[in-house]
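Take a look at the structure set out below.
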Amino acid sequence: MATIRGAIDRITDTTVRTTLQEEACRQIRTELKNVEHVNRYAIPPDAADALEHLGIGTNPFSVKLHTHGACKAIENQLLYVVGTLLPKERVTMLFLKKAKLNFMKRCPKFQDIFLNQHIEPRDVSRYCDFNVQSTSTSIPTHTAYISDTLHFMDRKDLVRLFINSPNLDTLYATIVLPVEAAYRQPSRYPDLYQINYDFDGFQYIPGGHGGGAYHHEFSHLEWLDVGHIHWRGPDNKDIQLTITAQMIESLGANHLFCFRRGNLRTPRVRTFGRDTQVLLPKIFRPVDKNFNRAIPLTLANKMLLYAKSINTVTFRDVVAKTRQLMKDKELETYTGADLLHMANYFFVVGALSGVNSYDQMLGLSAWEACTMALKNTVTNLWERITGKREFGKLLEALEWETLTYSRQVTQKYVGGTPARLPLPDITDQEEIFAQQEALDALTSGATKITTHHLMSAAARRSTEGPTMPTPAAQVPPTQNPKHTIDEVASRALVTKLQKNKRVYIQDDGPEYIMGHMAEVPAWYLEQDETTTRLRNRCAWFFGPPTHRYGHNDIEYHTTEYYPWVERIGNIFGKFNTCLAQTHDQGARIGYHADDEDCYDKDVTVATVNLTGNATFSLKTATGTRTWKLKPGDFIVLKPGAQGCTKHAISDCTTNRTSLTFRWQARPCPSQLRRVVNLGNVNNPKRKSKAQQWTPKTSNSDSPRLTQTPNSPTPKDVPVVSPKLADATAPTIRAVPENGAHTNMACVELTDLPETTTTHRPGKEPINDLTDSEPETESEQTENLVLNRFIQDLPTTSTHAWASETDSICSFQAEALGPSSVEALPWHEHLELINSLGFTGLERQYGPDNNLIWPITHYRTLPKSRTIEAPTDLVELLDTIDRHPTDVPYSKTRASAFGSDVKNLRIGALVKNQDKQWRASLALLCEENEHVLPTTVIHGAGGSGKSHLLQQWVSSTERGNVVVILPTIELLRDWLNKCPTTPKDSFKTFEKALVQNSAPVVIMDDYSKLPPGYIEAYVALKGQCKLLVLTGDPRQSHYHEENPEALISTLDPATDYFSKYCTYNINATHRNATTFANALGVYSERKLPVSVTCSSYQKSGWPTLVPSILKKTALNDMGQRSLTYAGCQGLTTPKVQIVLDNATPLCSEQVMYTALSRAVDQIHFFNTGPNHSDYWEKMNATPFLKTFIDHTREENLKEHQPAEPTVREHTPATHFPPANEALALEPWVEPLTDKHSRELHHKALGHSNCVQTDNPVVQLFPHQQAKDETLFWKTIDARIKITTPEENVRNFNMASDIGDILFLNYKEAMCLPADPIPFQQSLWDSCQAEVQQTYLSKPLAALANAAQRQDPDFDSNKIQLFLKSQWVKKVEKLGCLKIKPGQTIASFMQQTVMLYGTMARYMRRIRISLCPSHIMINCETNPTQISSWVRENWDFSGQSHENDFEAFDQSQDANMLQFELIKAKFHSIPEEIIAGYKHLKCHAHIFLGTIAIMRLSGEGPTFDANTECSIAYNHTRYFVPKGCAQLYAGDDSACAAPLSEKPSFQHISPELSLKSKAKIRSQTKGDYATFCGWLITPKGFIKNPTQLYASWLLAKHNKDLQDVARNYALDLRIAYQLKDELYELLSPEELDHHQLLVREMVKHKMGHLLNLPEGFKQT
């Protein structure tokens, strides 16, 4: 072992070490399963070490507790040993619970006999009455086993047992007796058990817990010494019987003995363990003053060496050393006297001289050598007289006696005549054995029914009516309207069951009896042609041949009673029918009563829960009772209970089986239709020992028989059982009754009930409460056609099945005729097509009018001969012609992948691996070439190519398989389809590379794996013995974005592995026929399809997008989206596909992948406007007078402010006076001279924005239209000159972002899912408003604009002006460098009014739909906003503001795209939308065409700015639902801090618009600002600093008479807060507020400060 360990330690390659660890882990996992069988308990570490010393393992992860789990593990281990020793035949078990057969691994078919007897009271709970004998009995078998009860017997009892059991040869017995008790020593294994010595006996205490303790007499220990037991006969002379005993195993205090008839040899000495203890000599007198206990030899030697190692030993030193060497657990086994005696012993030994004082033999002369013997004799005599020397005394004190637990066997003699033992009463057990034998004979001898015989019987049943009792016997019972319980019959039933030892009654209620069966026979029901498959269970009906039963137009197949079923029913009473049901996982049946007409009203119903668990609910007049049924439980509903109770079943476990017994008094309704199950068909060409896997076939494709999506789903649909519902089930061609042969579609008989009738749940025991629906006329017609066809089957199908070479498809095509089938190009593969779930009898054509083959690229490949993989998987693959073949794996492809991983060119997870691992991977890929058994499965999406593998993965053991998936979507799909498989069996491809592998590796959709990955994985993972690749070569393959990666130059993996695929499944179960044929794929799903295309999105539909950018953005919005290429694994009834500029860039494979996802509905979402002839319409723009139609403007109701509310009186306050000279000093002090702040132009000089010498006035830049320098600097900064073509090109490229902006805007503003219909009346009203607003201007203003009304004025021309203004924003107050100004664009007046109408129209709709938590400062006043703030704003945390940079010029083509999508969603006429786009792309000034941007003179400027701000905010940030938000143009504020969406990092480079977030703490002096106002808990107040500074500017300009009133009204809102201002404003803001109040008073505006809140400003 040291050599092996050293060799392993010398291995430094991490991959090899990982492989070794994986193999070790697999072995550990297997061993832990074995350990769990014997020891399932959580064992303390010390006890676990003791168990491992005894050869019993412990699971360190177990959490199951037991008071003496370690001793239980020893007991289970001995049971396992006994199980290996017992013969594979019937054995008698004495004093053993039947459940312990599991530990012995005894098969129930051995039919072991249990003879138990109540020796102690606790035995009553151990053994049920079913196998308890009243006295000792003889043993009828050759071998017997006694479990832990031998100590209750003596040697005479054993002899008596052998004498009365002539068949008994061998008796195994376990006994629990600690051998150390014979010496009154403490426990040898104190961590496992302890021993007390009291009351002239000893007590064995497992685990130190008294609950499991046993008291023993010392005489019981004699069993440990027994070697032979001799019986001398009645006369006590000659030995007539000898029993030889031998101990086979000893584990702690548990021992296994074998007693054999005959005089055989047995070891003379019986060893119970190694000798490790010694007894110290008694060196003191009297004798009781010595240490009389045994101590470990190791401890004795340590104490001796210590006592002799120090110079002068003291008694204290010895005591201290003893305490040091002894563990705490050992100290509790010694008394104080014992410790003192031991210390004295070693103190004396330590004091004696250890130097040998006797003569030496070295260097003696001849004389001395001759006289040495005489001298020694004299010395010995002298020491006997005078005493020994010190060294001699020491040697005598060290004569330790070894304490051994080995014992010599003894011979025991017994005489006299033993009493006779009766024969055991095992009638009940023999009855169970007979049931089992009958079942075995029934199942093993069952004859396979051929298809011809089965269908012939079905045809006869369809013509012959079932035989029923004569009408004379059908006497209707007397109706009992009160539905009372038959008390007399119920008492008789309870009495009968109480006397039956085979059942226990646990609950006796007024309407029911609930109990448990003493013994549940081992049995099973095999699904065959007698099985009726319902929606969530399989059913069998047992009864006399003359009886028939059914419900809801369904008739069950009547089967004669199985003997074991009848015997179970006889336990509970007299019954003539039984309904057996096996349920699926989670199956349930609603409340119902067994009150059909075929039963009497006082019928007794007994339900037995044989296997699995379920919940049984009983609803009575007094309430509802619920029981959790486990195997063996039963419930009997008393006579009359069906009239006053209802019962239900739920929470069934997988394969939960029940038997329901009833007495059927009269026939069922004659309208029942018998369900024909045409399964159980032998396939002559595909014979295998393994069960044939057959995929589930699709529903019928007949238009007449197919259940439509809107039709109700039947509750109970009788179909063929899972074993029978396979691809080999015959299929009937249903022909219309009129003989027409149009659209002859396949109808599977197994699916016929599902598509023709509606049923309700079956019985548990009987019916549901709903009434059955009458058969429709169409259903009757279908049944007539079916029955007529079935009657002809015996003559038409006999020849078809006579040949061994014919396959199932021969019968399927019989109705069409052999010529039609042989004419199919793929008729040779028709059997294979059938096994895949397709009929293959249709000719379908693709878009190019070429015939579509269901199977393509069929080839024959050599089969691999060396496959180290599970045989069941290999056989399953062989059944569908997918046998593995040897595939060589390219070293070139593997080395390219390894090099990229090593040099960090690809991957995410592998980049985090250490350098050594990456280098090792690259080395393995470069050096190793592999040939591996591989199966390549190609098939279209939805073809079921992975279905076989998923079934096998769900059933195989853990550790056998690893499934590698390329995408998370595909990983979820596998997890959903294999819910019982451990999740660690499914891995993404990078995780699979760094984690453990398995013997079988499945790579699904392998075309999406990186090129070279498969080869590298095979090179790295030596554990892989079989590789299965599934994929579709027509779908998208992996795309490597890094051009420097070597794998980017490799061909797709499908190009290499296609030649190792036996055939390609070019058929699908997913898509409707129309969709599939459009893709060139065969499909038999005849469904109506829907294809739509529009510029709006369907809500709730899965969305496929061409780019990762858009996918991430949509996911951040909470919409499920996938890329075209990344949607593999998605199957959905409907899907929407986004079309944008990236769509034409996608390959054919990518588009095929996207288009094959939906079943029958596809919606194309076009994100850009349709390219039609819009430009010519713009040339017909009329003159201003012509488009101003004098229509009467709709009178809009004037806004009436709400009645002013009386606010709580706020106490008046007084602000201390502030220093006016220092109020703006923080802004004035940093100012520099005028020219250092002004803008400079080389030709025009400096601008003139800094006015006067007053430092306060210099804080405000004055921008003037006549300032040429500022004008040209503004054009340079704000205007970008381009060409119309460039604008159009930029617009077309921006569609990828515009739709994202709109979808976020739509979600934020709660717009409806579908486009908003155009309202002409609303448009006319908005148009009138715009016209009236324009005509309300002064005449001079209209005259000045006459040029722009001229028809010769270019509609695309813009007159550009510089806006004159004082810049008063607080953030720009006292700026050290003057910034460019703002432009005013004057468009043609017709254009302004047209798009002003469009903006106003969308504003009206926006106002009506705007959510309450969003406020837009448009057509509102501060009072309204203040009230809204108090109701909606959250001041408990931080707030958020957006500060945009160059907001107008940043609204480029992306924002234009957003505006157009928004306009189309509002159903604005196309010509108006196209004109707006043309204007934005062709607008020009005197310098040329300007780039797409926002201009201040446009009609929709404010509304467009506001909506762009909303769209930007919600695209960039996660905005909490219901968060209060304020918007006005480029100003915005939110009542919560916003976190940026991860998708925005992909969108941000495409957007010109930039912003900086401002976070406010919303505390005193730091509240959010909006349009110069502060958002405070008391409402909206004007910023005191900005208000005061602008007042000083107005005061300097001497225009106070015009503005003083407005300043007073703005100040009034804050002034009326009075003392509350202290809670809101900073000290500086309070100073500015106080100074402004003083100014208002000085200018006689103080009276305005006290106006009420609802005052309307004029």
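Using N, Cα and C of the backbone, Cβ positions are placed for all residues, glycine too.
Pulled from Swiss-Prot:
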BINDING   His592, Asp594, His647  Fe cation binding site
BINDING   Arg656  2-oxoglutarate binding site
COMPBIAS  690-710  compositional bias 'Polar residues'
DOMAIN    59-224  domain 'Alphavirus-like MT'
DOMAIN    574-665  domain 'Fe2OG dioxygenase'
DOMAIN    910-1065  domain '(+)RNA virus helicase ATP-binding'
DOMAIN    1066-1199  domain '(+)RNA virus helicase C-terminal'
DOMAIN    1437-1544  domain 'RdRp catalytic'
REGION    462-481  region 'Disordered'
REGION    676-721  region 'Disordered'
REGION    754-776  region 'Disordered'
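Residue pair His647 (Fe cation binding site) / Arg656 (2-oxoglutarate binding site) shows a Cα separation of 17 Å. Counting Cβ atoms from all protein chains shown, His592 (Fe cation binding site) has 23 others lying within 10 Å of its own Cβ. Of all the binding-site residues listed (His647, Arg656), His647 sits in the most crowded Cβ setting, with the most other Cβ atoms within 10 Å. Break the domain 'Fe2OG dioxygenase' (574-665) down by DSSP state and the numbers are 3 helix, 49 strand, 40 coil. The average pLDDT the prediction assigns to the domain '(+)RNA virus helicase C-terminal' (1066-1199) is 72. Taking the C-alpha positions, the distance from Asp594 (Fe cation binding site) to Arg656 (2-oxoglutarate binding site) comes to 21 Å. Rounded to a whole value, the Cα-Cα separation of Arg656 (2-oxoglutarate binding site) and His592 (Fe cation binding site) is 20 Å. When Cβ atoms from all protein chains are considered, those within 10 Å of Asp594 (Fe cation binding site) total 24, not counting its own. Helix first, then strand, then coil: DSSP counts for the domain 'RdRp catalytic' (1437-1544) stand at 43 helix, 24 strand, 41 coil.
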